[in-house]
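As recorded in Swiss-Prot, the features of this protein are as follows:
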- Ala2: N-acetylalanine (MOD_RES)
- 1-20: region 'Disordered' (REGION)
- 53-94: repeat 'WD 1' (REPEAT)
- 97-137: repeat 'WD 2' (REPEAT)
- 139-178: repeat 'WD 3' (REPEAT)
- 180-221: repeat 'WD 4' (REPEAT)
- 222-261: repeat 'WD 5' (REPEAT)
- 264-303: repeat 'WD 6' (REPEAT)
Amino acid sequence: MAVPAAAMGPSALGQSGPGSMAPWCSVSSGPSRYVLGMQELFRGHSKTREFLAHSAKVHSVAWSCDGRRLASGSFDKTASVFLLEKDRLVKENNYRGHGDSVDQLCWHPSNPDLFVTASGDKTIRIWDVRTTKCIATVNTKGENINICWSPDGQTIAVGNKDDVVTFIDAKTHRSKAEEQFKFEVNEISWNNDNNMFFLTNGNGCINILSYPELKPVQSINAHPSNCICIKFDPMGKYFATGSADALVSLWDVDELVCVRCFSRLDWPVRTLSFSHDGKMLASASEDHFIDIAEVETGDKLWEVQCESPTFTVAWHPKRPLLAFACDDKDGKYDSSREAGTVKLFGLPNDS
């Protein structure tokens, strides 16, 4: 059964910095021109602003493909959609209908008006922001925790707590295929070419299936412990995985080899996001900061301070703006302010 990363303890490595790197990780010498340029940008754009979205903690944030809207899914059983106006998020609508927590959501890859939510109520719902209505409710067999939309827009894959992944036709809203796995399935994703399907699992492996045949292609031993999350870079060159060992590993898509690791976090890596140009990778955990690294060197580019563990991060598809949401469960902070907010980093300091 898939286990939320929040339930995991600190890294077995227990250290950050080069000393905790796996043997195959490499350290570069001196910051690149890109790193220096982005650091200069963030020095003037290091402001984080928070926006009230929900009445309980936010589990998932995602941008529409055109970057005009940000959606969030929450423990309060709703989704919210914001419009990005200059340097602020303006709440557009709240989407109700689920009977349990909205654990993950994603947008259609090329239609900026459609998004889909996965819930513990054993359904997924497709929403249209133009009508603000649910255009389809699809019943599934279990409590849903992971969802992704295929790059060609034709299929939605949803994973549940019982390690079943269901493939749903995005037009007919009917199940096309269903796979029961014998291992703990964590995050799921197609590759950018739409011809392979990737799963991260509780044994530290990345399982790759052909698509649409769903035949096993390869299993990669990526990490010594639970492999939690996976993201593909928009350029199609790399994918990254995050693990309970607190490491992020970067993989060459074509060669399926690990090219570098990022080891500045101490806790299980719960969420990853590549910037629109594929040059930055944000990773977050129960550490009270989000690490922003240069993809090509692994160098630290910036860190975003947080007051609590981070559930979800998402780079804007066109700008160096990072949306994220944190956990308020420890109650150390003013819960009325902290609960249910989405945060936006990269805003001008004088905004």
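Just so you know, glycine gets a Cβ as well, placed from its N, Cα and C.
Note that the structure is predicted; figures quoted are calculated from it, not measured.
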> What are the DSSP helix/strand/coil residue counts across the repeat 'WD 2' (97-137)?
Replying inline: 0 helix, 23 strand, 18 coil
> Counting by DSSP, what is the helix, strand and coil composition of the repeat 'WD 3' (139-178)?
Replying inline: 0 helix, 23 strand, 17 coil
